[in-house]
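Chemist: Below is a structure I'd like to ask you about.
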Amino acid sequence: MEVNQKWNWDTKPILVKCGGFSSQLAKNVTEKVDGDPLWGSRFDATNPEAVIQTHLDFLRNGADIILTNTYQSSVEGFVKYLGVTRERGVELIQKSVQLAKQAKEQYLSEIGSEAESALPLIMGSIGPYGAYLHDGSEYTGNYADKMSKEELRAWHKTRIEICLAAGVDGLALETLPCLMEAEAVTELVLDNFPDAKFWVSLQCMDEKHMASGENFAEAALSLWRLVQSRKAENRLLGIGLNCVNPLFVTPLLSSLTKVAGSDRIPLVVYSNRGEIYDVEQGDWTGTGEEVVKFVPEWIQLGVRIVGGCCRVYPTDVLAIRKYVDGLNIKP
């Protein structure tokens, strides 16, 4: 499994990722999405047309990358919250990949592009164990104190295997709140899936620290060293941040480039708007930022995949698309 060879960094050095899938999905369904124990994943089963429509909303606004609707998907979660069999749980994760593929196929047909086009890429969304727990712990990582790396690897392996077998272009290991889980899932991909392309994205609570309180720059650098130790730099699409306040991103990335020295670590960023998620209410509070206004400084720092996370909509992605296109970066 490789990213289609018709695309490479030389031909398109900055890629625009979609925005917040479940945020946009909420506009395409009548039921409440935030606060659901399966979040958007439920709709792969109950409203696949809305899932395809949500992918298309981002593709039609310039996204080079879409993520499967699997952030909060797990076989265990589907068994627990949908009351289905394990076999059906596996099928629903496979279906999520197929829905993304259907959206890509429809979009390419709309723009008159060949069906085998490399872009847009479809990345398998691999969210943290805390998302399955449905208790807000993906914003603390406190479960790392109660679990071993081996347990976390075993839990992540099933979904990764299913996504890769279903034909994603790569894996988005995302919203990881603590270094132990980030290392566990990165090691799993490096050692068990030798052809898989991937990025690793950490969740941070301020300008210096991951959700767990660990230093972001040190954690990200240790992940980079891990990739280097396996000589897997060519498989890494980026290391970075997501589901984070955009105001924190530049200080966080600057701290990483400082400790990285002469190493040029490929960077990925897709922030929220800056509102706060209230776990008790299952909703967002506060006012947000226009993500596009931060993009110039992020690109200056070496970001090569940029987009949005929660509450970042297709109109925001279009604004990012227009800015990136306006740079007119020559290969």
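The backbone N, Cα and C atoms fix where each Cβ goes, glycine too.
Heads up, here are the entries from Swiss-Prot:
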type	residues	note
BINDING	Cys243, Cys309, Cys310	Zn(2+) binding site
DOMAIN	3-324	domain 'Hcy-binding'
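Can you tell me where each of these features sits in this structure?
Modeler: Using a 10 Å radius centred on the Cβ of Cys243 (Zn(2+) binding site) and all shown protein chains, the other Cβ atoms total 25.
Across the residues of the domain 'Hcy-binding' (3-324), the predicted structure has a mean pLDDT of 95.
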Chemist: Looking only at Cys309, Cys310, which of these binding-site residues has the biggest number of Cβ atoms within 10 Å around its Cβ?
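Modeler: Buried the deepest by this measure is Cys309.
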Chemist: Other than Cys243, Cys309, Cys310 themselves, what residues in this chain have Cβ atoms within 8 Å of the centroid of the Zn(2+) site's Cβ atoms?
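Modeler: Surrounding the site, in chain order, are Gly20, Thr175, Asn242, Val244, Tyr270, Ser271, Asn272, Gly308, Arg311, Val312.
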